[in-house]
């Protein structure tokens, strides 16, 4: 009896169209792209457009254009979460029927003072799912995994998270549910993303186990933070990526990821830089920290 061969590498980049791509987005996109291509794998693009009220008009098209300007080429069609709402709903209904999830009518005011950890007010209340949030019951146990960059990470779901929302009261599906389902449905084997999502991973591991889904490998790259300590992000008006600076910003991103492009690539085109990055990618060189100061990159 021979051992089964590992699944072919499938990676992905999954931006949210609540704004435009910025330098922090570029770090995540570049790391996921190089990790996939260096392994001879596929790189998928998924638009995480679960929250229409927060979506910026034109952001989806701008994100695709920016990725193209920076030399990225994805495999297959772009997947949009907004096209999968019915499938998410089927999973939520199944979890409700199995008693693994329940309706919650708690208001934000009721939950003030609980440090973001749900106290379980509605756990046994038997509320009707209509016009209510849906929470997943979590076990009183730890979930652990080894991140390829951040190392061993453990979280006690009951004490540190509490029962978490998988469908909001307004009917919108939560990120934690959708990302687990989409990664499984797309056959993603390796998740490379920002370290701001490290704390979310144990919740996703629990959902994977509950639903009988495969567990991908995880790699969380450091977040780029500004001088005030805030991460680069859409909510902090981080500047979008200009097409005319694709080369210099790709070089900067490579260095932030611990890669060392030679001086002769200083004026290289984006595609040349990506080709060099694919050939020389070493994830072991990524800084083993959760944040990097933007000022230190210059």
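Using N, Cα and C of the backbone, Cβ positions are placed for all residues, glycine too.
From the options 231-235, 236-240, 241-245, 246-250, the stretch TrEMBL describes as motif ''KMSKS' region' is 231-235. From the candidate list 175, 206, the residue TrEMBL records in the L-glutamate site shared with 12, 13, 14, 15, 16, 48, 193 is 175. If you take the Cα of residue 12 (L-glutamate binding site) and the Cα of residue 104 (Zn(2+) binding site), they are about 33 angstrom apart, rounded to a whole number. Between the alpha carbons (Cα) of residue 48 (L-glutamate binding site) and residue 118 (Zn(2+) binding site) lies a span of roughly 25 Å. For residue 193 (L-glutamate binding site), applying a Cβ distance below 8 Å and a minimum sequence separation of six or more within one chain yields 14, 28, 32, 219, 220, 221. With respect to their backbone Cα atoms, residue 104 (Zn(2+) binding site) and residue 15 (L-glutamate binding site) stand 29 Å from each other.
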